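Lifted from TrEMBL, the feature list:
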- H51, H138, H142: Fe cation binding site (BINDING)
- R85, A86, E87, R88, D415, R419: gamma-L-glutamyl-L-cysteine binding site (BINDING)
- 14-146: domain 'DinB-like' (DOMAIN)
- 174-430: domain 'Sulfatase-modifying factor enzyme-like' (DOMAIN)
Amino acid sequence: MDEHALKELIADELGRVRDRSLGLTTEVLDEAELTSQVSPLMSPLVWDLAHVGNYEELWLLREAAGIEPMRPEIDTLYDAFEHPRAERPSLPLLPPGEARAYIETVRAKVLDSLSSVRFDTDAPLTSGGFVYGMVVQHEHMHDETMLATHQLRKGAPALLEPPGEAVRTSPAGGEVLIEAGPFQMGTSGDPWAYDNERPGHIVDLPSYYIDAEPVTNAAYLAFMEAGGYDDPRWWDPKGWEWRTAGGKQAPAFWTREGTGWVRRRFGRTEPVPQAEPVQHVSWYEADAYARWAGKRLPTEAEWEKAARWDPAAGRSRRYPWGDVYEDGRANLGQRMLRPSEAGSYEKGASAYGVRQMIGDVWEWTSSDFHGYPGFRSFPYKEYSEVFFGPDYKVLRGGSWATHPLAVRGTFRNWDYPIRRQIFTGFRCARSAGGS
Ligand code: AVJ
Ligand code: FE
């Protein structure tokens with residue numbers, strides 16, 4: 001794509017993501033709700049809104065365009081590292097009207113300066129427009145975070161269920177065998193990739209089986225009904241502690257009604273849909289289910305090989321189905337407020353025939369979050385490097401709430417193993433070798 005066309009695309013995508021952010025914060029909620037906190041895990045929505053504008057000012061105005069800070073005194077309020085989420089509601093945050101005016105002013109200056117920022121330089125930040133892609137993705141990530149806040153809030157529904165339809169196909173069912181051998185993990189050349197997706201490198205794996213679809217609510221209910229929550233044999237010791245201390249008996253947002261279970265979804269209550277991938281489970285719950293089922297969670301490498309490797313071509317794809325994003329192959333971008341049924345999107349299957357690797361639910365993997373061999377932090381170590389270590393588990397594939405621009409086969413997300421307010425499910429794997 002030439003530079004002019006890329007800049008037009010960036011301007012369009014900046015507009016689209018802003019419409020999305022405003023749709024999650026304007027009109028649907030009053031000032032009190034925007035500034036209050038529904039859970040210590042989440043920021044007030046008005047924090048997310050001004051934070052995306054402040055991040056945009058920092059990276060696109062100050063760093064890329066060399067423009068002086070507009071309001072340096074507010075930087076500290078929106079620095080995620082200076083103020084943990086629990087503190088954010090008590091900060092002197094910009095009220096909603098001021099936050100909107102601030103981010104709008106930032107945006108106007110970004111669009112003004114876009115034509116004079118050169119993409120054809122050696123400066124890694126602006127080369128190929130990298131930092132603009134980073135900012136578009138950042139705002140989409142916060143929109144997904146805002147959706148998690150919406151899911152946690154009490155009160156009458158605030159979001160309309162969008163008209164998006166799942167592409168239903170017949171379930172694939174069962175497991176797929178992935179033969180032993182090397183594949184290319186990560187990427188060195190993807191212009192949208194974050195530092196933690198780089199560099200591309202070869203990983204050689206023994207053979208394994210992976211579920212063709214995410215684990216459904218029906219399958220998860222079978223685990224619950226078999227007493228899965230009451231049997232420490234299935235649980236990681238830390239998971240058992242978590243389950244016991246919190247009295248956990250079901251995924252988040254589920255409550256028992258009569259002999260069955262219902263779930264609350266964005267302020268509405270409905271019977272638990274049997275064929276939908278299970279959502280809002282912690283890593284510990286996913287890990288326990290897998291052990292009960294005689295399986296395990298896939299490693300991050302196993303997940304990625306099943307999603308991206310094309311054994312006939314001997315190369316990895318950007319998406320399971322190919323290198324180019326196409327509508328109708330995955331449930332992404334908040335087209336619906338829910339995952340589609342397991343077995344949907346046959347045309348989104350990977351070369352191995354594994355379904356729904358992109359979209360629907362984030363998938364827990366067994367892997368801790370680490371840098372790939374040769375990792376170099378870029379452009380700032382607080383994006384991912386500071387999270388490397390044993391505390392975080394890697395999640396892959398994006399959810400129905402993730403925008404297509406903010407996920408690909410190499411994208412890595414991470415969270416604590418106790419977290420379940422995010423749109424997370426899982427699938428299982430098992431080793432195929434003799435042992
Ligand atoms: C990649 C989703 C873990 O939301 O905490 C947002 C992304 N980084 N602002 C997060 C992020 C800076 C991050 N995750
Ligand atoms: Fe952020």
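Cβ atoms here come from the backbone N, Cα and C positions, even for glycine.
Any TrEMBL annotation is an automated prediction that lacks curation.
Distribution of TrEMBL features across the structure.
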residue : record                                   : DSSP class
H51     : Fe cation binding site                   : helix
R85     : gamma-L-glutamyl-L-cysteine binding site : helix
H138    : Fe cation binding site                   : helix
D415    : gamma-L-glutamyl-L-cysteine binding site : strand
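Taking the centroid of the Cβ atoms of H51, H138, H142 as the Fe cation site, the other same-chain residues with Cβ within 8 Å of it are D48, V52, Y55, E139, M141, T145. The CA atom of H138 (Fe cation binding site) is located 17 Å away from the CA atom of R85 (gamma-L-glutamyl-L-cysteine binding site).
With all protein chains in the displayed structure included, the most crowded Cβ environment within 10 Å among the binding-site residues R85, R88, H138 is that of R88.
For H142 (Fe cation binding site), none of the binding-site residues have C-alpha atoms inside a 10 Å radius of its own C-alpha, out of A86, R88, D415. For the binding-site residues listed here (E87, D415), the lowest count of other CB atoms within 10 A around the CB belongs to E87. It is 20 Å from the Cα atom of D415 (gamma-L-glutamyl-L-cysteine binding site) to that of H51 (Fe cation binding site).
A86 (gamma-L-glutamyl-L-cysteine binding site) is surrounded by 13 other CB atoms, counting those within 10 A of its CB over all protein chains shown.
Summarised by DSSP class, the composition of the domain 'DinB-like' (14-146) is 87 helix, 0 strand, 46 coil.
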